[in-house]
Amino acid sequence: MSEGLATGREEGEEDEAEVVSVRMRDEGNTAVMNSAVSITVFILLTTAIAIMTGVGAEVDVCASCHANATCEDKTDGTGGKVCNCMYGFVGNGRTHCQDKDECQLGRICGDHSTCHNTHGSYYCTCVSGYTPTNHKAVFIPNDGTYCHDVDECEVENICGEGGVCMNKEGDFSCTCQIGYTVQKGFEPFQPLRDKAYCEMVDCGAPPVVQHAVQLSPSNTHYGSTVQFGCADGFVWRNGVNTTVCGPDGRWSGPSLHCEAVNCSEPRLFPHSHHLWSGSSQLGSVVHYVCHVGFYNAGTQSTSVCSALGRWSAIDFRCREIQCGIPLPLPHSVVLWDGHSKIGSRVLYACETGYHSVGEGDISVCNSSGHWTKTHVTCEEIQCGEPSMLPHSGRIWNGNVRFNSTVIYYCMEGYYPAVGKNKSVCSENGSWTKPTLLCREIECGVPPSFPHAVMLWTGLSKIGTEVRHKCDDGFYNAGTEDMSVCNSRGMWSLPRFACQEVDCGTPPPLAHTLLSWDGSSTLGSVARYECEAGYHSRSTQCVSVCSSDNQWSTVHLHCQAYCGPTPLLAHSQVLWENSTVVVHRCIKGYYSRTGSDMSVCDTTGRWQVATLRCREVRFGVRGLAMFNQRCLQWNTEAEHSGAREQYRVSFIGERLFDHSFSDSQRKLFSSAALHPVVCLNLQPATNYTITVTAQSTGDTATVTANTSIPVPSTPEVRYSEVDAHLPMLRLRRAPSTLDPICAYQVIVLPVEGMLVFDCGLSLLTRSSEQGGCRGEYVAAQLELRGLGTDVNFTLGNRQLYGQFYNAPLESGKDYYIILRTVCHWKQMRKQSCVIWAKALGASYASEMSALVTFGSIGVVGVLCIMGYCCSWFWKALIP
């Protein structure tokens, strides 16, 4: 209704405007004006009456709808509203809408189901042994859901150990697999209704074999294998040495035959003889000895008869004794005939300038294969050791030959008073005499400290020590208590400060109560007593604040009446008091059975928990990377669904950007034998990735290089510009890959059919060196130095990188292409965008033509307007 009024008002305004226009055209024609006004008033009155009539005749149908009905538009095309009962209700929609029982409509829910009616609706459930296909507890079949058979065999171990499940429509049954027999019933059986179950076949103790022993553990269940070996002193000659427990509960017997060992006569070696008792039974021994003049070059000399019936192999080789080349003697010559057999002799003689010291200048080759040691040495003629001066040291390289020099200096605590400090080895074999005189340094009286006394002998020479001690009731709060007279003639200042004794709060003791008056000065007392439920055999319960600023030790140990807390292997105490202890497995161990609580009973004994903790073992093996960001490895674990916590650490670096670093750590848990984890890695980065299993500490490392993505194009606005020094603009977002990326401005002449490959390598530097179609690179802009907004002038005769920005040739049109290129290692990615079109002579021609046709158009419009004004004027003035 409001829309109709608005429309009528607009039409009235148009009519009124038309009347005013008529009045302006012909003010003298009164009859025409009155007629127009009359018509306009009639139309306005008629419209208002129609609107008011429609408002009074409307009826609100929606207000009469039933509470269980909705008001909707009619669908017969007549317009208006109608009341319809909601879904699940029947009636006329206005006076009544009652619930409809859908469960009376036959088998509305389908087979194997039960229908449940509700107020205004209904729902369905499946009978035992069936489940809805929508995997929910209830359903409505209008979405295609129905009841289908439940496969109970999908439930793990539903038939028990050794059982084989067979699914049936609405039920299931079990049989026993090979190696198992049914107990307390018959096959097939239903474990949820019957008491039958499957038990593994047991063959009992394995058979006994003559002269043989059992090697493997004796497991007696079906399929178990027992291996036998011959006893000591016997060897396996033939037969089978294993027995297997069969499905009939019997062992398949072994057939091995063991015979007594006999090694026969031992072997002989060249240049040797052997010592042998003549016995060749197991454990017999043969000892080999080399002949005189030979030695054993091997590592063994004894062979033993083994259980295999053979003498043990030994490394025994007899070689002739040779002493080799004689040992050299410093500053001497060797007189030798070249022989090195036993008894050969060598004579040593000293070189010129040296003299022999000692006796025995001949060396002889002995039976052990070594030259005998000589007791003579060749020594150079020397000045001997230089003399020492009082309170001085010397700088000397140990050389005592002619012209050797010794420099003397005063020792610490002394200073040089007079004299020369140099001595020289003279040609007569003695040192020249130095005249240096050193006098002692004095430090004077040592410094004193408040609340302290010093223990001093009264001396003040260098190295003299003075010990400082705090008065009674004070202690040294510093770290040192001694001053020393140093080489500068000053006493060193120790880190020493006396403060009054303050022992602080008495230390707490387990299971005790503290009785203390709050005083912590020297001699203060604190008393301890055991808590309720604890006792101690010790009577020392008092701690005293001592002069060392510490409370004296109290040997009070409070124990629960049941004694110390029981400890379980591979576990820790989660909570405890005097009578109850709760245990749990430590990290890396788990438990499935047993109680975790130990309780102190009325007899004073612990009822120990039955918790048994087993180790969870995880490793990281075969670490590999795929898809450039995902890792996979093998845990080599033997576990039953236990989860492991893994730590993945990775560090990424870029050689082109030393400020960049991507260091992250990720924790996740998995129960898979081949875990997979994907990482958020940055492009163009060298990564070192480490995976660690938290429970075992097992670690593996892998390196990877990520590729570079296709670079994003900057924000440009395509335009057609004048070819004479056009200004081009772009907007970009900085990126961490800017150091390896650059913009290339490519000029492409508009000639014939244009085809441009963005991946083409354009190495030309000017228009004269262009490609086959005349294209060339005008500039290369490195991204690392660019801001967000970039302005570029084409053809400004500047060098950009290795490219010259030449002016565009007049009279030609060009496409300007902006290419983004990124290089890293052997990889290169690029993207292109058309930046602009530079217009040459064609642009001037188009502008000239546009001005010409524009001028003709303006003249034509003026002529038409003149004609219209003339006609209009003639119409107004008859």
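Heads up, the Cβ atoms here are built off N, Cα and C, so glycines get one too.
Taken from TrEMBL as is:
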type	residues	note
TRANSMEM	31-55	transmembrane segment
DOMAIN	58-98	domain 'EGF-like'
DOMAIN	99-136	domain 'EGF-like'
DOMAIN	149-187	domain 'EGF-like'
DOMAIN	201-260	domain 'Sushi'
DOMAIN	261-320	domain 'Sushi'
DOMAIN	321-380	domain 'Sushi'
DOMAIN	381-440	domain 'Sushi'
DOMAIN	441-500	domain 'Sushi'
DOMAIN	501-560	domain 'Sushi'
TRANSMEM	849-873	transmembrane segment
Within the domain 'Sushi' (261-320), what mean pLDDT does the predicted structure show? 88
Which residue counts does DSSP give the domain 'Sushi' (501-560) for helix, strand and coil? 0 helix, 20 strand, 40 coil
What parts of the chain pack near the domain 'EGF-like' (149-187), using Cβ distances under 8 Å and only residues at least 6 beyond its ends? 112, 128-131, 194-201, 221-223, 247
Intrachain residues whose Cβ lies under 8 Å of the domain 'EGF-like' (99-136), provided they are six or more past its termini: 68, 86-90, 143-150, 170-171
What residues in the same chain, six or more past the boundaries of the domain 'EGF-like' (58-98), come closer than 8 Å to it by Cβ-Cβ distance? 119-122
DSSP-assigned states of the domain 'Sushi' (321-380) in counts, ordered helix, strand, coil: 0 helix, 27 strand, 33 coil
Kindly report the helix/strand/coil residue split of the domain 'Sushi' (201-260) according to DSSP, in that order. 0 helix, 25 strand, 35 coil
Tally of DSSP helical, extended and coil residues in the domain 'Sushi' (261-320): 0 helix, 22 strand, 38 coil
